[in-house]
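Working notes, beginning with the structure itself.
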């Protein structure tokens with residue numbers, strides 16, 4: 001163990017760790033739970049420190065030597081392998097101050113170590129005076145939240161969503177000539193194609209992509225420069241423009257200064273809105289996964305209109321059983337995301353006066369939702385959707401037996417006569433044709449002329 005100091009006194013920390021006194025205190029006082037601060041947030045914080053050092057150096061608020069030491073230490077952390085030095089849990093101060101200081105301490109000590117100094121000496125690099133210069137946890141942490149959210153959405157969620165949507169598009173084309181019976185209220189309706197059904201799924205996800213893309217607009221606004229309460233106290237002239245410039249270079253994202261720092265520190269409406277778009281996506285995915293599970297139910301005593309890929313045995317007692325496991329896993333992920341949405345919404349209400357104090361749990365839930373959805377959508381696309389096959393025999397049988405084909409006769413016979421045909425066929429176990437002819441409404445030839453499932457698919461499908 002080695003001795004570290006902060007404003008409250010001495011704290012003993014492990015000799016081989018780069019963090020300091022404030023991280024040590026947080027480890028002691030918030031030791032419960034297993035939920036570590038997400039690495040995406042740590043990386044975002046490190047990027048902010050790197051860019052702030054460059055900005056402070058440009059403004060001659062930080063000497064070139066210390067600037068270069070901080071930048072080099074930041075780059076070393078970003079290259080990976082030092083995750084053990086960031087041990088803090090999500091459950092800490094609601095401003096994220098302790099994780100901000102964790103990053104400050106590790107950067108300072110790493111810079112000191114690389115130049116032959118003594119860990120914990122704060123010389124020549126001080127975690128507050130140099131690494132945290134021109135910053136406050138209150139503007140740094142929400143900035144890190146937005147950076148982590150944007151990069152996770154664009155880096156993993158959107159590509160995974162596009163991948164699934166393209167797989168559904170491919171199936172819509174593959175199944176474009178497979179006529180089936182539509183269902184409303186879980187009951188038989190008029191004919192459509194399986195491809196039309198899949199095109200609906202694809203479009204639903206395309207709309208989700210648009211919503212998520214729109215939510216990025218507000219996430220591009222960064223709180224950096226607001227410092228403690230939004231007034232920008234202790235921020236040198238020109239710092240905000242320079243740090244934003246360097247962050248844009250570092251991340252490749254079009255970040256801009258927040259339009260109002262008081263709002264940027266005290267609320268997280270942008271993240272609440274963005275997570276809301278994830279909850280909408282979860283709703284859409286549950287609908288799609290549920291539909292596909294039902295369409296393939298059976299295979300002999302259910303709907304059985306599609307065949308699932310045979311990925312693994314489905315039962316420990318029933319041999320030969322194949323279950324829609326990818327569908328079920330996706331629905332569990334979506335359930336978690338919808339639960340996270342409630343947490344994010346409530347946490348978003350806790351912007352008491354000038355500072356929201358639920359920041360860590362907001363970004364933890366947000367990133368968990370993004371990571372779970374990204375993985376689950378890729379798995380669902382690759383191991384389920386891409387392997388779906390149509391059971392054409394079952395589709396044809398269902399179409400031939402459907403009573404709702406009588407809808408094609410409504411313009412010819414009227415609603416009331418068509419109702420009599422359908423009810424007679426149902427109660428007497430007749431075909432629609434048999435019921436129609438026995439009632440004397442049409443001849444067999446006339447019936448066949450008007451009731452053609454392939455002509456009931458909508459103008460675009462007929463063309």
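The count begins at 1 with the first shown residue.
Using N, Cα and C of the backbone, Cβ positions are placed for all residues, glycine too.
Quick look at what Swiss-Prot annotates:
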- 185: active site, proton donor/acceptor (ACT_SITE)
- 315: active site (ACT_SITE)
- 95-97, 126-129, 136-138, 184, 316, 321-323: substrate binding site (BINDING)
- 328: site 'Important for catalytic activity' (SITE)
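Positions of the features from Swiss-Prot, shown on the structure.
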residue : record                 : DSSP (3 states)
95      : substrate binding site : coil
127     : substrate binding site : helix
137     : substrate binding site : helix
184     : substrate binding site : strand
315     : active site            : coil
321     : substrate binding site : coil
Restricting the comparison to the recorded positions 185, 315, 328, which residue's C-alpha is spatially nearest the C-alpha of residue 129 (substrate binding site)?
328
Rounded inter-Cα distance in Å - residue 137 (substrate binding site), the residue listed as 'active site':
52
I'd like to confirm something. Which of the recorded positions, 95, 97, 127, 323, 328, has a Cα closest to the Cα of residue 315 (active site)?
323
Determine the most Cβ-crowded residue among the recorded positions 97, 137, 184, 315, using a 10 Å radius around each Cβ and all protein chains in the structure.
137
Between C-alpha atoms, which of these recorded positions comes nearest to residue 328 (site 'Important for catalytic activity'): 95, 127, 184, 185, 321?
321
Distance between residue 97 (substrate binding site) and residue 185 (active site, proton donor/acceptor) at the Cα atoms, whole Å?
52
Of 185, 321 (the recorded positions), the residue whose Cβ has the fewest other Cβ atoms within 10 Å:
185
Can you name the residues of this chain that are 6 or more positions from residue 323 (substrate binding site) yet have a C-beta less than 8 Å from its C-beta?
308, 314, 315
Under 8 Å between C-beta atoms and at least six apart in sequence, can you list the same-chain neighbours of residue 127 (substrate binding site), or say none if there are none?
20, 101, 104, 105, 107, 108
